[in-house]
Amino acid sequence: MENMTAKIFYQSDCNLSLLDGKTIAIIGYGSQGHAHALNLKDSGCDVIVGLYEGSKSWAKAEAQGFKVYTAAEAAKRADIIMILINDEKQAAMYKKDIAPNLEAGNMLMFAHGFAIHFGQIVPPADVDVTMIAPKGPGHTVRSEYQAGKGVPCLVAVEQDATGKAKDLALAYALGIGGARAGVLETTFRTETETDLFGEQAVLCGGVCALMQAGFETLCEAGYDPRNAYFECIHEMKLIVDLIYQSGFEGMRYSISNTAEYGDYITGPKIVTEDTKKAMKKILSDIQDGTFAKDFLLDMSPAGGQAHFRAMRRKAAEHPAEVVGKEVRKLYSWSNEDKLINN
Ligand SMILES: NC(=O)C1=CN([C@@H]2O[C@H](COP(=O)(O)OP(=O)(O)OC[C@H]3O[C@@H](n4cnc5c(N)ncnc54)[C@H](O)[C@@H]3O)[C@@H](O)[C@H]2O)C=CC1
Ligand SMILES: CC(=O)[C@](C)(O)C(=O)O
Ligand SMILES: [Mg+2]
Ligand SMILES: [Mg+2]
């Protein structure tokens with residue numbers, strides 16, 4: 001087992017006042033960007049936002065109370081620069097906007113290790129380079145903070161030029177609410193590999209494919225697609241919420257004995273030794289850089305996102321999406337299905 005002695009930090013381990021007098025530039029105002037910026041502001045920090053001219057987020061960030069500058073100008077004004085733009089765009093933006101404006105003793109931060117670990121960005125030796133990586137979607141980083149809770153984070157220090165990098169990063173984690181849940185110490189390499197593995201094999205790729213296959217199986221057998229949607233997609237959250245609260249045992253406490261019996265005998269027939277073998281291959285493609293190379297090529301100007309866009313289009317056309325839209329519209333609380341516009 002990897003370093004099980006790694007430390008986990010909580011609120012009392014973090015000192016928010018280390019951020020006093022420091023300007024934090026949040027570059028990008030998407031899922032993570034808006035959440036970090038708003039949470040830090042609500043925690044009393046001095047936050048500015050960096051975007052590109054013409055960005056749709058510019059007016060929104062201003063309306064939410066921030067001074068907005070170009071990424072270059074924001075970097076110049078800041079002591080701490082958190083890069084929250086898309087991983088595949090970070091290298092070019094860093095080179096053009098950040099590198100020329102970095103000063104010795106600044107801290108460059110990330111919420112995911114991709115650009116540093118895969119050598120897309122190589123910062124100068126005289127700046128701190130740290131990561132606070134929330135283990136959850138940005139919109140949830142915001143909503144949990146507002147609820148007085150937080151999303152657990154990973155903390156990593158790639159470069160400690162000032163001797164204070166880790167403490168500053170932990171102060172940042174407290175500011176966004178992460179320390180309310182726990183901030184686990186790790187490295188850029190481990191965060192990158194485990195995050196990519198989790199989202200591909202389990203959280204996004206694995207779970208969505210499982211739900212869609214279940215939905216298809218019921219529809220193909222002639223059952224009402226709305227029933228298939230309720231059963232295999234809607235109810236997933238309700239079951240996972242119980243796991244989130246009290247583990248698999250807690251979830252099994254709430255389900256019937258019938259369901260629990262079926263769970264034990266059927267789970268291993270669906271997720272088999274072959275599935276584990278596929279997971280190991282996915283992990284090794286992440287570790288040896290194969291995934292990163294393929295992703296960066298498709299997302300590059302030469303690749304034109306051809307594969308990415310085609311996959312996105314096809315996924316949006318899945319019958320489960322069509323039925324889901326209809327069904328969600330009719331929920332009495334349907335105004336909550338607006339995340340996509342936020
Ligand atoms: N989405 C999530 O919940 C999570 C994301 N992360 C990491 O956070 C980082 C940001 O990802 P998301 O929040 O998903 O991105 P996003 O796609 O939601 O938002 C990107 C933002 O960057 C801006 N942007 C793009 N190019 C820019 C440029 N050249 N200059 C200035 N601004 C630019 C966009 O206008 C947008 O506001 C990535 O490193 C990602 O891996 C980490 C944990 C979870
Ligand atoms: C939300 C999150 O943690 C992910 C899945 O790793 C991501 O969006 O990159
Ligand atoms: Mg993640
Ligand atoms: Mg991720």
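Using the three backbone atoms N, Cα and C, a Cβ is placed for every residue, glycine included.
What TrEMBL says about this protein:
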type     : residues                                         : note
DOMAIN   : 6-186                                            : domain 'KARI N-terminal Rossmann'
BINDING  : Tyr29, Gly30, Ser31, Gln32, Ser55, Ser57, Gly138 : NADP(+) binding site
ACT_SITE : His112                                           : active site
DOMAIN   : 187-334                                          : domain 'KARI C-terminal knotted'
BINDING  : Asp195, Glu231, Glu235                           : Mg(2+) 2 binding site
BINDING  : Asp195, Glu199                                   : Mg(2+) 1 binding site
BINDING  : Ser256                                           : substrate binding site
Counting other CB atoms within 10 A of each CB, which of the binding-site residues Ser31, Gln32, Ser55, Ser57, Ser256 comes out lowest? Ser256
Averaged pLDDT, computed only over the residues in the domain 'KARI C-terminal knotted' (187-334): 97
Cβ-Cβ distance under 8 Å to Glu199 (Mg(2+) 1 binding site), same chain, at least six residues away: Gly205
CA-CA within 10 A of His112 (active site), subset of binding-site residues Gly30, Ser31, Ser57, Asp195, Glu231 in residue order, equals Asp195
Cβ under 6 Å from ligand 4: which of the binding-site residues Ser57, Asp195, Glu199, Glu231, Glu235, Ser256 qualify? Asp195, Glu199
Have a look at the binding-site residues (Gly30, Gly138) and report the one with the fewest Cβ neighbours inside 10 Å. Gly30
Out of the binding-site residues I have (Gln32, Ser57, Gly138), which ones have their Cβ sitting under 6 Å from ligand 2? none
The answer for which binding-site residues (Ser31, Gln32, Ser57, Gly138, Glu231) have a CB under 6 A from ligand 1 is Ser31, Gln32, Ser57, Gly138
State, in Å as a whole number, the widest CA to CA span among the NADP(+)-binding residues Tyr29, Gly30, Ser31, Gln32, Ser55, Ser57, Gly138 given in the record. 19
Return the residue, from the listed binding-site residues Asp195, Glu231, Glu235, with the maximum count of other C-beta atoms within 10 angstroms of its C-beta. Asp195
Can you list which of these binding-site residues (Gln32, Asp195, Glu231, Glu235) have a Cβ closer than 6 Å to ligand 3? Asp195
In angstrom units, rounded to an integer, how far apart are the Cα atoms of Ser57 (NADP(+) binding site) and Asp195 (Mg(2+) 2 binding site)? 26
